[in-house]
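Per TrEMBL, these features apply:
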type	residues	note
COMPBIAS	18-45	compositional bias 'Low complexity'
REGION	1-45	region 'Disordered'
REGION	435-454	region 'Disordered'
TRANSMEM	64-85	transmembrane segment
TRANSMEM	105-125	transmembrane segment
TRANSMEM	145-164	transmembrane segment
TRANSMEM	193-213	transmembrane segment
TRANSMEM	225-244	transmembrane segment
TRANSMEM	278-296	transmembrane segment
TRANSMEM	326-349	transmembrane segment
TRANSMEM	361-386	transmembrane segment
TRANSMEM	406-428	transmembrane segment
Amino acid sequence: MSETRQPAPDGGGTAPEPDAAADVVTQDTVAPDAEGAAADAGAGDPQQAYRWREALVRVTSGGWAVSLGAVVLAVLAGSVMMIAFTDEGVQQASGYFFARPGDTFAAIGQAVGGAYAALFRGAVYNYTADSFAQAIRPLTQSLTYATPLIAAGLGLAIGFRSGLFNIGGQGQMLMAAVGAGWVGFALDLPAGLHLVVALVVGVTAGALWGGLAGLLKAATGAHEVIVTIMLNYVAFYLLSYLLATPGLLQAPGSANPKSPPMASTAVLPRLLGPEFRLHLGFLLALVAVAVAWWLLERSKLGFQLRAVGENQRAARVAGIDVPRSTVLAMLVSGALVGLAGSTQVLGLITTGFSYDIDAGIGFDAITVALLGSSSPVGVLFAGLLFGGFKAGGSVMQASEGIPIEIVLVVQSLIVLFIAAPPLVRAVFRLPQPARRPARPARTTGAPRRQEVQR
């Protein structure tokens, strides 16, 4: 910066002349602008607008909207199948459709309405029952069937969030049934302690079986899909051998491949009395939902698992031990699936279990996890929905003559539509998934730099 020498006021020497740029002084002043003042007044708050806009984008373009749309489309498609292939009244009325079209539409409405009314009576509330206890029995049945679906769905959801496609739910449930069932009938322990030990052993067995798949992937790079499929076969044939061999799991004096019944001290207590099948396992499943949510959303381990699931390379650069996270994810996943297997042998089927104790839950849990968008809360509602389908399907078949396989078709269609999000968005005109809107700068009460002339 150049300076011009001028005589000093006292005549002695020269003094530097301030540069022209020095005439402008920058000061820090607190000056809220008009937008910030409006925010203080409660009108036009950009932060509030951002939150509403973000919520709208999440609801309409996220997994919740697609999952709900998939359920609606599957139910509609199931209605068409019921009309076209199962209802004789609709088929007869369609024979003279052009003469009296109203009869056909009336038959369609009666068929669909009667079917889903029967499904509601069998899954939620039987409004034709004589007593309140009989009326709520369908709801308790739905909750009972939903219990293992919720627990197993949580386990698979944690695997999915960690980037691991764990389809070994069947094997993990079977090994958990072996552990919990053996403790349940073979050990003589005090009441209370017996049940706790059986649950712990079952959950541990499921965790170890899932952790084995994670260890093989972390150590050798083997794909978890292939490994878990093979472990399903290993668990199935191992259980079949144990049940067919006297002195192991086979009931004494019996030639059937079935275990002895569980001791009364190892059975999960009924929540509403002996006349209802709903047991303590449902509350354990609710606790598992809360624990899984905390693990994924609030814990350091959950952050690491989600980071590995999103991008392994970025997680490795950030210092996360990817092989360790893989093993831990499969351990946690197997433990939750093991809880499902334990509740089966200690709560629902206490008279002895066989090799089909999983009842297909290990694979149904995949659908539950996908429908719930791998979110613990979503898995909870998806498990309740599928539990209702299972409880109400038999009533629908008995009262309306509709094959129970229609319910299985609806479940399969849900998976189909979930696997095709663009189709669901096109049908319901949902917006495409977009990036989160940019967060506006916070200006309320923020200091702003102003230029003030000296």
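Quick reminder: no glycine exception, Cβ is built from N, Cα and C everywhere.
Where the annotation comes from TrEMBL, it is an automatic prediction and has not been curated.
The shown structure was predicted, so the numbers you read here are calculated from the model rather than taken from an experiment.
Long-range Cβ contacts of the transmembrane segment (326-349) within its own chain (Cβ-Cβ under 8 Å, at least 6 residues beyond either end) map to 144, 147-149, 151-152, 154-156, 158-159, 162, 164, 166, 168-169, 172-177, 179-181, 184, 195, 198-199, 202-211, 213-215, 217-218, 224, 262, 266-268, 277, 279-281, 284-285, 288, 292, 295, 301, 305, 308, 357-359, 361-362, 365. Under the criterion of 3 or more C-beta pairs below 8 Å, with sequence separation of 6 or more, the transmembrane segment (361-386) and the transmembrane segment (145-164) qualify as touching.
Tertiary neighbourhood of the transmembrane segment (145-164): same-chain residues 172-173, 206, 210, 214, 217, 224, 279, 281-282, 284-286, 288-289, 292, 295-296, 305-306, 308-310, 312, 325-326, 329-330, 332-341, 343-344, 347-348, 361-362, 364-366, 368-370, 372, 374-376, 379-380, 382-384, 386-388, 390-391, selected by CB-CB distance under 8 Å and a gap of 6+ residues from either end.
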